[in-house]
Amino acid sequence: MNIQTKQDVLDILSLPEAVFWAQVAPAARKTCQDHFGNTLLVTAMLAYTNICKNQCLYCGMRAGNPIPRYRIPPAEILSLSQQAKLDGLGRMFLLAGEDRNYGFDHLLQLVSGLRQQGYSIALGAGELEASQYQELHDAGVEEYVLKFEMSHPDSFQRLNPSTSYAKRMRCAHWIKEAGMKLASGNIVDWPGQTLDELADDILLMKELEISWAPNIPYLPAANTPLALEGGPGDFLLNNKEMAILRLMLPDIKITAQQPGIHPKAGLADKTGNQNAIACGANLLFCDLLPDAQAKAFRPIDQRHVSGLAHCEEIAQLTGLTLDLGGV
């Protein structure tokens, strides 16, 4: 299935559900299997702070929102990651709100410690300076996660008033210039998004030559302005986007940790995860945070990710073999 133009993308986004599941999803799943075999990637995930200076209209961790805040020091993070290493995990996704009081030196210390433990590291710490991206690369970060969220500058500016679209794109350029792979993506079907905008989001991921698409559908977060406008997003549109991305960019990782029919299950919904895998997604997370912090790290409500046992269950349900990334 050849997807080249914006019209090609729009055609798939507009397909009836039955046609999509009969024709497009199987092609995407086969493409994933051709490139990754019968495996399902697992990445350890640690969110070291949920403090954020930004006022994004859709994020439950936006500055001022009444949630419990935390900041975990490097030594405690490295203790958690060491146990995960003993469990066989070899990839680490380290993420945070834009907490400028965490200390960049502490972040470098954290990256260095994870490298010494033998992890390959993906980091999502927001917008930084070009020199800082270079320092992070030199310290051992291989992949940097910076979602563009919305590809239309006007929409981006309305929903992300603390920054600008130009700055976000400039940071994406700096990340790649520093030698790191760029993971980036969008929010699918936020209130007011058009299919035209969604198609442009998908094409921007191709233009940016991303290594990983960490996309999810819009899920309302309590006490956020955008939650007053509608939601959640259309899960079918999200599945269609994943299938399109797999067919357009066959070598990338695509997040399979997706919501489904049970809202309280959050991103650990078994049906949502299985549907994502059927559409070509291939990456699950093992959340290493203690319960108290895991409940407080909530850019969306009901974020639940779960641990290794959940990944093992999804692998069994889909007939796949887990790749933990360990040696």
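Quick reminder: no glycine exception, Cβ is built from N, Cα and C everywhere.
Annotated features in TrEMBL:
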BINDING   Cys52, Cys56, Cys59  [4Fe-4S] cluster binding site
BINDING   Glu149, Arg168, Leu219  S-adenosyl-L-methionine binding site
DOMAIN    38-257  domain 'Radical SAM core'
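Shown on the structure are the features that TrEMBL records.
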| residue | record | Cβ within 10 Å |
| --- | --- | --- |
| Cys52 | [4Fe-4S] cluster binding site | 23 |
| Cys56 | [4Fe-4S] cluster binding site | 22 |
| Cys59 | [4Fe-4S] cluster binding site | 22 |
| Glu149 | S-adenosyl-L-methionine binding site | 21 |
| Arg168 | S-adenosyl-L-methionine binding site | 20 |
| Leu219 | S-adenosyl-L-methionine binding site | 24 |
By CA distance, which of the binding-site residues (Glu149, Arg168, Leu219) lies nearest to Cys59 ([4Fe-4S] cluster binding site)?
Leu219
Can you tell me whether DSSP puts Arg168 (S-adenosyl-L-methionine binding site) in helix, strand or coil?
helix
Under a three-state reading of DSSP, tell me whether Cys52 ([4Fe-4S] cluster binding site) is helix, strand or coil.
coil
Across the domain 'Radical SAM core' (38-257), what does the pLDDT come to on average, as a whole number?
97
Quick one: what's DSSP say for Glu149 (S-adenosyl-L-methionine binding site), helix, strand or coil?
strand
Where Cys56 ([4Fe-4S] cluster binding site) and Glu149 (S-adenosyl-L-methionine binding site) are concerned, what is their Cα separation in Å, rounded?
11
